[in-house]
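> TrEMBL feature annotations, pasted as is:
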- 21-48: transmembrane segment (TRANSMEM)
- 68-90: transmembrane segment (TRANSMEM)
- 116-136: transmembrane segment (TRANSMEM)
- 142-167: transmembrane segment (TRANSMEM)
- 196-215: transmembrane segment (TRANSMEM)
- 235-255: transmembrane segment (TRANSMEM)
- 253-305: domain 'HAMP' (DOMAIN)
- 337-460: domain 'Guanylate cyclase' (DOMAIN)
Amino acid sequence: MSTVPSPRGWARIGPPIRSKIALHATVTAMTAVIASNAVIGVETFLLVQLAFNGGQLTFDETLGAPNFPVVVGAIVVGILTNLILGLFAVRPQLRWFISCEPADHARRRSVQRIPIVQVVVTATAWSAAVLFYVLIADQLTTATVAGVAVAFALAGSSSACLTYLFAERAARPLAVVVLEDFPTNHVMNGVRVRMLAVWAVSSAVPMVGLLTVNAGRWTGLLPDVHGAVDWTTVILTLVGLASGARVIALVGQAITDPLTEMRRAVHRVDHGDYRARVPVYDSSELGVLQHGFNQMVEGLAERDRMREIFARHVGDTVADLAISDGVGMHGTNTRVGVLFVDIVGSTALAQQRSPDDTAALLNAFFSIVADVVDQHSGFVNKFEGDAALAVFGAPVDIDDPAGAALGAARDLADRLASSLDIRWGIGVSYGEAFAGNIGAERRYEYTVIGDPVNECARLSDMAKTGRIPALASGAAVESAGEEAEEWKLLGTRIMRGRSEPTAFYAPIQLVERLGSSTNLIAELLRPARRIVGANPLRLMTFFSG
């Protein structure tokens, strides 16, 4: 058939469609056999008449020859024998194909051997044609019988080579099915066999014919050439050229079809489509290549799937780093911007919502976080319960990690406020930290450890208690570029676990939106008032140290 469907679709094809495919393949093969045998038969008859008449061809020696009807009958007998035996030989395979039953090892070998079986059938058919001619023809001599036998043998050889190529192509749908789940891993009918067919039809048969004619003339079994032109040689040459063109076209198509399909599949894989497969229908080296290509793409698809799963767990950046650096405890001290965001009252939310609703809320929350962090060239280092830690400047360096973290904090505050009906606290810090793999030799993860991580967590806690949901350290704002102009100093505070006061800033837009700086500072100081009381001196001591 001229078109082979995708290999993944054959398993779902039912008997009605398979019946149409089988009928199409059978009709195609029968038409090719009839046409090729008829043409070869006519060529053989002309050559025999030329050889026995000294290269001269007249009406009395062709259409008017006494044995012309016998020759026509022999050709018809050969064609009918070829068709009947060929259909009988392939019938079990066609019935199996239509039945949609799975193929066992014996069935696979039977389908792969269809071209060889058809070659045997063709040889038998031409032998029957010779036998018919010898038994029916009148006035036969030893030379005539020998000449006809040799001519029909050469014709049968040429026809058998063409039949092999026709049958191999017509049997592709069956081969796709038997080799889909059990592809060939070894060569059965190699490319060498096809090239031998090319050589036989285009060179061997015409050359042997020329040698036979000249040997017959030398021994006196055939008459010498009567005219100036040896038409026997001319016709044999033309037959060789025409037959060679036919068989080369068939062999070329048999080789280029799989390669064309593979080239298209390679193009799809090159563009990231790992669903691309090629149908395996060839029993030659090309079939092994088809099978190997499919296995290779399956391996690439599995590797890509594993990488995607890995990246979803650790992030694209860390996944790329792990793949490029390999296994091991890698890490370095670097200056990074760190952002920590935490939901306010997550315990109460979990009590008020069903587990599914809580999970949906957290997924929506983390999706916004991941999207904003990615837009600012950072990566989400980890999700911890209802909180997320994002890092800017590691493992991939960026020009302004502090500015990127601050910009992400402002955008994240806007996105969360407009998308989710929850409260949260965002803290941003900047400084030197260790960024690398932490854990055991057999199990570790990429993370960031250092004072900036602790500081931004404290700022997040502080932001959760006041009206300003986003706060940044002085180190982050002072180290940022143009982004620093978007933040306003609110004050200083000695945060839990730290000995030095930390200057904290808020986005100017939030400050202007929520009220004056004095009111905001008072709101931020409310937790401290509950701790140290309302005495101003004690309050100043609490913040200034």
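Cβ from N, Cα, C; glycine included.
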> Using Cβ distances below 8 Å and needing 3 or more such pairs, separated by at least 6 in sequence, tell me whether the transmembrane segment (235-255) contacts the transmembrane segment (21-48).
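Between the transmembrane segment (21-48) and the transmembrane segment (235-255), which are separate recorded stretches, there is contact, as judged by 3 or more close Cβ pairs.
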> Please report, as numbers and ranges, the same-chain residues at least 6 past the borders of the transmembrane segment (196-215) whose CB is under 8 Å from any CB of it.
47, 51, 150-151, 154, 157-158, 161-162, 164-165, 222, 232-233, 236-237, 239-240, 243-244, 246-248, 251
> Tally the residues of the domain 'HAMP' (253-305) by DSSP class, grouping H, G and I as helix, E and B as strand, and everything else as coil.
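The breakdown for the domain 'HAMP' (253-305) reads 39 helix, 0 strand, 14 coil.
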